[in-house]
Amino acid sequence: MLTNNEIYQEVQKFAKGYDLNQDGVLTSQEIYYSLLKKMNGNSYEASKATGVLCSTIDINKDGKFSYHEIAKYCADNAKKLIEQNADIAALADVEAFLLRFDKDKDRKLNKTEFVEYFKGGTDTPYSDRDYVLKIIDLDKDGCVSANELQEWFKKKRIDYASRPHC
């Protein structure tokens with residue numbers, strides 16, 4: 001995931017193509033004329049696209065977009081998308097996990113079922129299953145529910161997405 005500074009740098013590069021007077025601020029008029037040119041003179045589409053941008057990115061509603069406003073919008077939306085995708089992927093992770101390890105099909109893993117996760121070459125970075133059970137078992141009832149698993153998988157995915165990967 002890009003840092004806020006990297007997002008700002010990318011936005012600056014992108015926005016310069018729309019900033020007709022190169023003052024570091026985009027007006028709705030500059031955006032419209034830039035889009036009109038990029039859309040081969042289609043004024044309807046350029047107007048529609050300008051309206052969408054103005055209504056979503058112009059945080060303080062002054063009719064102008066600073067590079068900072070655009071970068072903040074991009075960073076905020078990137079974070080939301082990561083969280084949404086992590087939530088959806090975690091749900092799939094939970095279903096696969098329960099299908100494999102929930103022997104009594106009660107949508108919870110008791111300690112015996114949970115121990116199966118650590119057997120048979122299952123790839124896990126954790127060696128202390130009691131410690132992991134304590135982390136995941138949020139309500140401390142000795143079982144791991146589907147909701148607890150989903151929260152854990154979601155957190156792992158968000159943590160992973162937040163680290164550099166090169």
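Indices start at 1 and increase along the chain as displayed.
Cβ coordinates are placed from backbone N, Cα and C, and glycine is handled just like the others.
Features of the protein shown, as given by Swiss-Prot:
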{"type": "DOMAIN", "residues": "6-41", "note": "domain 'EF-hand 1'"}
{"type": "BINDING", "residues": "Asp19, Asn21, Asp23, Glu30", "note": "Ca(2+) 1 binding site"}
{"type": "DOMAIN", "residues": "57-80", "note": "domain 'EF-hand 2'"}
{"type": "DOMAIN", "residues": "89-124", "note": "domain 'EF-hand 3'"}
{"type": "BINDING", "residues": "Asp102, Asp104, Asp106, Lys108, Glu113", "note": "Ca(2+) 2 binding site"}
{"type": "DOMAIN", "residues": "130-159", "note": "domain 'EF-hand 4'"}
{"type": "BINDING", "residues": "Asp137, Asp139, Asp141, Cys143, Glu148", "note": "Ca(2+) 3 binding site"}
| Which residues of the same chain, at least 6 past either end of the domain 'EF-hand 3' (89-124), have a Cβ under 8 Å from a Cβ in it? | 132-133, 142-146, 149-154, 157
| task | Based on Cα distances to Asp139 (Ca(2+) 3 binding site), point out the closest of the binding-site residues Asp19, Asn21, Asp104, Asp106, Lys108. | result | Lys108
| request: Do me a favour and check the Cα-Cα span between Asp23 (Ca(2+) 1 binding site) and Asp102 (Ca(2+) 2 binding site); whole Å is fine. | output: 61
| remark: Rounded to a whole number of Å, the separation of the Cα atoms of Asp141 (Ca(2+) 3 binding site) and Lys108 (Ca(2+) 2 binding site) comes to 11
| said: I'm trying to understand the geometry here, so how far is the Cα atom of Asp19 (Ca(2+) 1 binding site) from the Cα atom of Glu148 (Ca(2+) 3 binding site), in Å to the nearest whole number? | reply: 48
| Across the domain 'EF-hand 2' (57-80), what does the pLDDT come to on average, as a whole number? | 82
| note | Counting other C-beta atoms within 10 angstroms, the emptiest spot among the binding-site residues Asp102, Asp106, Asp137 is Asp106
| Whole-number Å value for how far Cys143 (Ca(2+) 3 binding site) lies from Asp104 (Ca(2+) 2 binding site) (Cα to Cα) | 13
| field | Cα-nearest neighbour of Cys143 (Ca(2+) 3 binding site) within the listed binding-site residues, Glu30, Asp102, Asp106, Lys108, Glu113 | value | Lys108
| query | According to DSSP, which of helix, strand or coil covers Asn21 (Ca(2+) 1 binding site)? | reply | coil
| said: I need the most crowded of these binding-site residues: Asp23, Asp104, Glu148. Count other C-beta atoms within 10 angstroms of each C-beta and give me the top one. | reply: Glu148
| note | Listed in sequence order, the residues of the same chain lying six or more positions from Asn21 (Ca(2+) 1 binding site) whose CB sits under 8 Å from its CB are Glu30
| note | Here the Cα-Cα span from Lys108 (Ca(2+) 2 binding site) to Glu148 (Ca(2+) 3 binding site), rounded to a whole number of angstrom, reaches 9
| said: For the binding-site residues listed here (Glu113, Asp139, Asp141), tell me which residue's CB has the most neighbouring CB atoms inside 10 Å. | reply: Glu113
